[in-house]
Amino acid sequence: MGNTVAREDFEWVYTDQPHADRRKEILAKHPEIKALMKPDYNLIWVVMLMVAAQLTAFYLVRDLDWKWVVFWAYVFGSCISHSMTLAIHEISHNSAFGNGRAMWNRWFGIFANLPLGLPYSISFKRYHMDHHRYLGGDGIDVDIPTNFEGWFFCTRFRKFIWIVLQPFFYAIRPLCINPKPITRLEIINLLAQLFFDIVIYYLWGAKSIFYMLAGSVLGLGLHPISGHFIAEHYMFLKGHETYSYYGPLNLLTFNVGYHNEHHDFPNIPGKSLPLVKKIAAEYYDNLPQYNSWIKVLYDFVMDDTISPYSRMKRQLKGEVKQD
């Protein structure tokens, strides 16, 4: 478990990200894909059901023994929580109400955030738009690990710990790489979350709060669904920046595994990304792809050529516009 990864820096590239050019090519050849660029109103009802499911779980765990609270936090709560972060990802792209009602999406994102326990939705939206516009951009794309992460988490054991601690690095990384002024909506997100947490504690006590927070932390750390964090952009094959996953966990994650398709068409809801792949199969079928996020996690830890440094980075040119 002590083998050290030889890579000592990111993979610096001097070309633009591939998604804009591929999008133009696909739309020229398959203009019918434009019909998929519309809201997914079913997302609204799915999110409401997920919030209701977590509220029910908060009530049911309130008097359980602690061992069962921990058990259900990992077995059930972690899945719902991670799935909810990906619903928030969909909402950040205005998939719930459409681009014409952008603020409705922001308020709905704050609502979807409530059963996670920690404010997330508004800040995520701001940084995630940068990730799409400036994929791999040095000092802008906070999906890229810090130099410390690449340098320190360089053995199998340390990479395993890095996976466990993923939620903490995703929370801290923006402050290190690209800090932004706090906005009014972020303050509202924080206050709404604090109020919700206080109400849950008042109604059902510490075990419900623990279940909520533990489910979020565990679901974003050492968990099968968390394989998507690594599968999406870590360079397992030299020269390939984005990878899709076509396995069954897409059913729980709003098709976030269709990641090449998503970056090519970020304004198409996850529900319709399989149709994008079907229509433009000649563009996607031969790209590197995964069928198991668990295997991605295993390979990341055990492959001594892969580390947090295994990301493509680029120096941005021209004016950079951020949210």
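Cβ coordinates come from backbone N, Cα and C, glycine included.
The transmembrane segment annotation in Swiss-Prot covers 41-61 (among others), and the record cites sequence analysis as its basis.
Sequence-distant neighbours of the transmembrane segment (68-88) (same chain, 6+ residues past either end, Cβ-Cβ under 8 Å): 43, 46-47, 50, 53-54, 57, 61, 109, 112-113, 115-116, 120-121, 124, 207, 210-212, 214-216, 218-220, 223, 225-226, 252-254, 256, 270. The transmembrane segment feature in Swiss-Prot is assigned to 68-88 (among others).
Here Swiss-Prot flags 89-93 as motif 'Histidine box-1', drawing on a curator's inference. Among residues of the same chain six or more beyond the motif 'Histidine box-1' (89-93), those with a C-beta under 8 A of the stretch's C-beta atoms are 40, 43, 47, 105, 108-109, 112, 121, 124-125, 128-129, 254, 256, 266-267, 269-270.
Summarising the annotation, Swiss-Prot assigns transmembrane segment to 102-122 (among others) and lists sequence analysis as the type of evidence. Only residues 6 or more beyond the boundaries of the transmembrane segment (102-122), in the same chain, are considered here, and those with a CB under 8 A from a CB of the stretch are 44, 47, 50-51, 54-55, 58, 80-81, 84-85, 87-88, 91-92, 94-96, 183, 185-186, 188-190, 192-193, 196-197, 209, 212-213, 216.
Marked as motif 'Histidine box-2' by Swiss-Prot: 128-132. Remote same-chain partners of the motif 'Histidine box-2' (128-132), defined as residues 6 or more beyond its termini with a Cβ less than 8 Å from a stretch Cβ, comprise 89, 92, 140-143, 178, 263, 266, 322-323.
Swiss-Prot lists 159-179 (among others) with the feature transmembrane segment.
For the transmembrane segment (185-205), the residues of the chain that approach it from at least six positions outside its boundaries are 58-59, 62, 106, 110, 113-114, 117-123, 212, judged by C-beta separation under 8 angstroms. Taken from Swiss-Prot, the feature transmembrane segment applies to 185-205 (among others), supported by sequence analysis.
Annotation source Swiss-Prot lists transmembrane segment at 209-229 (among others).
Annotated motif 'Histidine box-3' per Swiss-Prot: 259-263, in sequence order, evidence recorded as a curator's inference. Tertiary neighbourhood of the motif 'Histidine box-3' (259-263): same-chain residues 17, 19, 132, 135, 228, 231-233, 242-245, 270, 273, 276-277, 284, 287, selected by CB-CB distance under 8 Å and a gap of 6+ residues from either end.
Tertiary proximity for the transmembrane segment (41-61) is limited to same-chain residues at least six positions away from its ends with a CB under 8 Å from its CB atoms, namely 68-69, 72-73, 76-77, 80-81, 83-84, 87, 90-91, 95-97, 108, 111-112, 114-115, 200, 204, 207-208, 211-212, 254, 269, 271. Per DSSP, the secondary structure of the motif 'Histidine box-3' (259-263) breaks down as 5 helix, 0 strand, 0 coil.
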